[in-house]
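According to TrEMBL:
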{"type": "BINDING", "residues": "B:T96, B:D132, B:D162, B:A163", "note": "S-adenosyl-L-methionine binding site"}
Amino acid sequence: MYRTAAKRLLGAGFATSRLLRLPKPRPTTTIIPYSYTSPLCTSSSMGHTESPIGNQSVNLNQPDPTSSSTGTREGTRRDESSRKPRAEFQEEQARVLAASLRHVPRLGWTEEAMIAGSREVGVSPSIVGSFSRKEAALVEYFMDECLQLLIDRVDSGLDLQNLIPSERVSKLVRIRLEMQIPYMSKWPQALSIQAHPANVPTSFKQRAMLVDEIWHTVGDGSSDLDWYVKRTVLGGVYSTTEIYMLTDDSPEYRDTWAFLDDRVKDAFDLKKSIQEAKYFAQDIGAGVGKSFQGLMNGVMQTMSTRGRSSAF
Amino acid sequence: MAFRSISRRFGSRLLTYRSSSLASLLHSHATSFGFQEVKEEEKSKLVGNVFTNVASSYDIMNDVMSGGLHRLWKERLVGKLSPFTGMKHLDVAGGTGDVAFRIFDAVNSVKRRALRKVDEESLEETQIYVCDINPNMLNVGKQRAAERGLSDNKSLVWVEGDAEALSFDDNSMDGYTIAFGIRNVTHIEKALAEAYRVLKRGGRFLCLELSHVDIPIFKDVYDLYSFKVIPNLGELIAGDRDSYQYLVESVRRFPPQEKFATMIADVGFEKVEYENLVGGVVAIHSAIKL
């Protein structure tokens with residue numbers, strides 16, 4: 001939703017820069033992988049003042065549990081501070097989580113994986129204790145990474161020109177789901193973590209962003225109710241395919257992609273079906289109305305002729 | 001209980017004002033013994049006397065004064081720490097071992113052992129150091145360890161030492177906790193600097209301490225309870241009214257949550273946050289060394 005809104009506001013000249021760079025205050029943002037933003041990116045929502053003596057400053061958290069919006073000051077502060085650059089917490093967290101992902105297939109989406117990751121990076125595992133909603137932090141980081149990879153794939157020239165919309169959607173969903181293949185053995189755990197009440201807001205938001213991104217890439221120019229319908233439908237298609245994939249044993253997940261193609265086709269057919277149903281209803285309404293009118297005319301004529309004759 | 005977690009940051013325009021007020025605040029802490037004014041050099045001796053007197057009934061008094069809530073607070077502290085096997089932890093001013101035992105249990109619990117994946121580094125032994133300036137408090141702690149059958153356990157190490165001048169190496173600890181102890185230190189900033197020194201990169205600092213209540217009516221109830229009920233309980237149970245009078249007064253003299261968070265950040269810690277428990281009666285400050 002951010003990308004379509006931005007395109008509308010800033011016009012065609014809007015560079016396809018990272019969605020995550022938009023300077024907008026987002027009260028419940030997910031963890032932003034800072035390795036993808038430029039070092040000089042500043043978020044105007046933070047608007048902090050520089051300490052002239054370069055004192056160590058305390059990170060500001062908006063009162064939200066994901067505590068991800070603190071790290072945006074790092075770029076400017078490192079440039080201006082006279083002290084040696086200190087790694088900001090957000091960066092460290094991202095590094096630890098990135099390293100932890102390598103241990104997930106073996107250890108699952110757990111604290112153990114994050115402890116192993118932190119040891120790899122050379123940081124005390126105590127830092128894991130400070131991640132908010134620990135395992136969820138890892139899963140959310142992964143979801144963000146995948147979205148970013150998808151955007152990168154699209155931007156670096158994915159060929160969608162020769163495909164009809166339903167095939168484009170299929171292709172994009174397939175690319176995204178393929179990123180989960182290395183973690184497939186532990187993916188059910190990730191899904192259950194995302195389903196915890198505490199984690200639902202963030203996971204819902206991440207999925208909404210993903211679906212929005214896919215529709216945007218496919219070339220969706222809709223607005224009002226249609227926009228919501230499209231995203232809801234695609235969200236449903238994505239989720240069902242994801243779950244189907246969990247129990248798919250076929251070589252290279254062939255069955256999953258067949259399932260996906262069918263579902264996408266159904267969704268597009270659904271759209272057509274809805275349109276057809278609308279026309280059908282209009283026709284019936286028109287038909288009933290016409291016959292009713294005919295009836296009334298007939299009645300009027302009969303009454304008027306009868307009236308003339310009875311007036312005799 | 002209303003749990004609220006808030007972090008804060010520096011604004012440069014307030015820097016000069018804050019540093020001068022901070023300096024005077026620290027000086028007043030160093031020379032105050034409750035509401036009395038004392039010489040800096042004498043403060044640690046006076047505090048030492050307090051704890052020598054209360055050591056034997058320290059745990060009972062904690063239970064009575066907080067209605068057993070102190071256990072929940074310490075549980076929450078250890079929960080926030082998320083101990084892991086192979087951890088090197090330092091509990092300062094932890095004489096009677098409450099926090100240390102909880103960490104030990106968390107690391108060695110049956111559930112943990114069942115879930116433990118084989119990992120070369122976890123074969124390192126967990127070390128929990130309990131440091132206290134007062135030998136009487138340490139003795140009570142050792143006694144309690146013996147009662148639990150842990151007196152020969154190599155994981156728990158009882159060390160006599162001063163929070164302002166720790167005998168541990170730089171970058172040697174994964175975690176540092178101080179529960180209800182930093183209030184009694186003469187120079188808070190020195191204790192914080194020492195904490196920063198001994199922690200490894202990524203190490204966690206956690207401080208559980210009685211703090212300031214701002215909620216209107218509850219504040220008055222709390223003040224009434226502090227000044228009327230607690231010294232009397234002290235006299236009745238521990239036979240020592242003055243020590244508990246010192247206790248409630250020292251709570252009022254200690255910097256409020258935001259100020260203390262600033263002090264922690266000054267020393268170099270990152271991600272400084274605090275959480276109020278029971279409306280501010282107790283606050284857990286946490287930070288990371290990076």
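Even glycines carry a Cβ here, placed using N, Cα and C.
Annotated features taken from TrEMBL, shown on the structure.
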residue	record	CB count, 10 Å
B:T96	S-adenosyl-L-methionine binding site	23
B:D132	S-adenosyl-L-methionine binding site	27
B:D162	S-adenosyl-L-methionine binding site	18
B:A163	S-adenosyl-L-methionine binding site	23
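Look at B:D132 (S-adenosyl-L-methionine binding site): DSSP puts it in a strand. In this structure, B:D162 (S-adenosyl-L-methionine binding site) is part of a beta strand by DSSP.
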